[in-house]
Amino acid sequence: MSEPDKTTGPAVVGKESAQPPAAGASLLAPDWLPAPGDANALTDRLWAAGVARDGAGQLTVQGIPAAELAETFGTPLLVVDEDDFRARARAFKSGFEAAFADLCGGADVYFAGKSFLTLSTARWAAEEGLRVDTASGGELAIALRAGVDPAHIGLHGNNKSDAEMLDALTQGVGRIIVDSVDELRHLAELAAQHGLTAPVMLRLTPGVHAHTHEFIATAHEDQKFGLSLAPATGDDDGNVTGRSPASVAVEAALAAESVELIGVHCHIGSQIFEADGFALAAQRVLAFLAEVRDAHGVELAELDLGGGHGIAYTAVDAPRPPAQIAAALAEAVRAATAEHGLACPRISIEPGRAIAGPAGLTLYTVGVTKTVDVDAPDGTTAARRYVAVDGGMSDNPRPVLYDADYTAVCANRAPQATPVLSRVVGKHCESGDIVVKDVYLPSDVARGDLLAVPATGAYTHVMGSNYNALPRPAVVAVTGGAARTIIRRETVADLLDREVDPQDPAR
Ligand SMILES: *Cc1c(COP(=O)(O)O)cnc(C)c1O
């Protein structure tokens, strides 16, 4: 996954920004962040469907007050609205199924497990008719233990170990997405040694990299993933070939008796809002499938267009519904297959963030607050309020890794104090330990209050760490108006349990 850029883009009119700017707009605020009229407002597209405020102003998840969740399960707490997760999974399934129904008999949706893989989330995805993508032996083990049909599991990775590949082969995984010529040859050998056939998709890099509202199209891509469509000056052995790694891999795959070449795959980025990048990638890859047919007389059966569908992290993000992306993609696939006289391959996609992200929110308890003076861009001095919470980069590393923006609201009450520009920070020994870089919070938010950060379902639990020996948070799922633990909170005892020191008195 790569998220090189900060989430930016034209401001769209949402519930908050539609209101006239309130007094107290800060010179330190980024352009995209207006001072809100009501800092307690919940912008719909940021929150899981079950999130609301009750009559007393408290944030609730399917009717359960935030304070009750915090009291029962502790904080920091990742709360997942299971019904919302399932609804988003269904929206992808039905949207793509409908758009591709008459073109190529529907489409398969793989939940990109790496975004938020647990036994529960894998099972929910499978129960909603999705398949599951994994990217390691560990993820594969979770999907299998969740009861996902091995034939409906994909295995990714740019450097799969022999053990991982063998595991996938013997478990009957439906597709192994191969990343390089080297890996293809090695996998073919492994499969042959064990008398097995490897179901292979080739991951291609079509020279399209998309993020938010833009995509970049090039011939070459300087990245570790995939097989380039562009002719290479030399192969891995230093021979001059003038052929693309993709065509070398196709030839090798077709020649290997232990390989069944199912199709090709591409994944062009993350946090993508527009369909044009996906469409261009599909065109380039379909043109390649036409070349394969012309060279080898084979029409490959499947085309996976990857994941990367964007979500709203702040009020400026306005993602399109899955059905709209699906319709645009179906049009591109229809045009390209017609142009090349190709039968439409079976289409699949791999959304992760767009299913898991908005279904989650993180509850934190506020500790220290303080205000610091900062030099403002106009030469004056402006105040920034720091609000420190009981988690941080260990439960959500995206701000420190990608400079990612989030927002937050006070969850245990709806304070009426004037909103002031605030920075929500964690408790780690690292100045980059930011939870929400810029948000207007009521000026009286203080020790003991709860903050809720929306859109934290994806790439948080799965990227968590134990930095500063902080035990990782619990994950609770809410459905039918009831909350239950799906990942228990880690304890300091869990951390100490891995210690093997000969002088340890507790041994
Ligand atoms: C990360 C990844 C995905 C999922 O990306 P999202 O942004 O979570 O939708 C899908 N496919 C591949 C190959 C990936 O690497």
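Just so you know, glycine gets a Cβ as well, placed from its N, Cα and C.
Database features, via TrEMBL:
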- 1-27: region 'Disordered' (REGION)
- 103-356: domain 'Orn/DAP/Arg decarboxylase 2 N-terminal' (DOMAIN)
- LYS114: N6-(pyridoxal phosphate)lysine (MOD_RES)
- GLY308, GLU350, PRO351, GLY352, ARG353, TYR459: pyridoxal 5'-phosphate binding site (BINDING)
- ARG353, ARG398, TYR402, GLU430, TYR459: substrate binding site (BINDING)
- 358-457: domain 'Orn/DAP/Arg decarboxylase 2 C-terminal' (DOMAIN)
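On the structure: features taken from TrEMBL.
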residue: LYS114; record: N6-(pyridoxal phosphate)lysine; DSSP class: helix
residue: GLY308; record: pyridoxal 5'-phosphate binding site; DSSP class: coil
residue: GLU350; record: pyridoxal 5'-phosphate binding site; DSSP class: coil
residue: ARG398; record: substrate binding site; DSSP class: helix
residue: GLU430; record: substrate binding site; DSSP class: coil
residue: TYR459; record: pyridoxal 5'-phosphate binding site; DSSP class: coil
Integer Å distance between the CA atoms belonging to LYS114 (N6-(pyridoxal phosphate)lysine) and PRO351 (pyridoxal 5'-phosphate binding site): 10
Cβ neighbour count (within 10 Å, all chains shown) around GLU350 (pyridoxal 5'-phosphate binding site): 28
Contacting binding-site residues for ligand 1, chosen from ARG398, TYR402, GLU430, TYR459 when the Cβ sits under 6 angstroms of any of its atoms: none
Rounded distance in angstrom between the Cα atoms of GLU350 (pyridoxal 5'-phosphate binding site) and ARG398 (substrate binding site): 20
For the pyridoxal 5'-phosphate site built from GLY308, GLU350, PRO351, GLY352, ARG353, TYR459, further residues of that chain with CB within 8 A of the site's CB center: ALA112, LYS114, SER115, SER270, GLY307, HIS309, ALA354, ILE355, ALA356, ALA458
Whole-number Å value for how far TYR459 (pyridoxal 5'-phosphate binding site) lies from GLU430 (substrate binding site) (Cα to Cα): 20
Other CB atoms, at most 10 A from the CB of ARG398 (substrate binding site): 19
Closest of LYS114, ARG398, TYR402 to ARG353 (pyridoxal 5'-phosphate binding site), Cα positions, recorded positions only: LYS114
Residue pair GLY352 (pyridoxal 5'-phosphate binding site), LYS114 (N6-(pyridoxal phosphate)lysine) - Cα distance, angstrom, rounded: 7
Candidate nearest LYS114 (N6-(pyridoxal phosphate)lysine) in space, where candidates are the binding-site residues GLY308, ARG398, TYR402, TYR459 and distance is Cα-Cα: TYR459
Which of LYS114, ARG353, the listed recorded positions, has fewest other Cβ atoms within 10 Å: LYS114
Most Cβ neighbours inside 10 Å, all chains, among the binding-site residues TYR402, TYR459: TYR459
Integer Cα-Cα distance in angstrom, TYR402 (substrate binding site) to GLY308 (pyridoxal 5'-phosphate binding site): 15
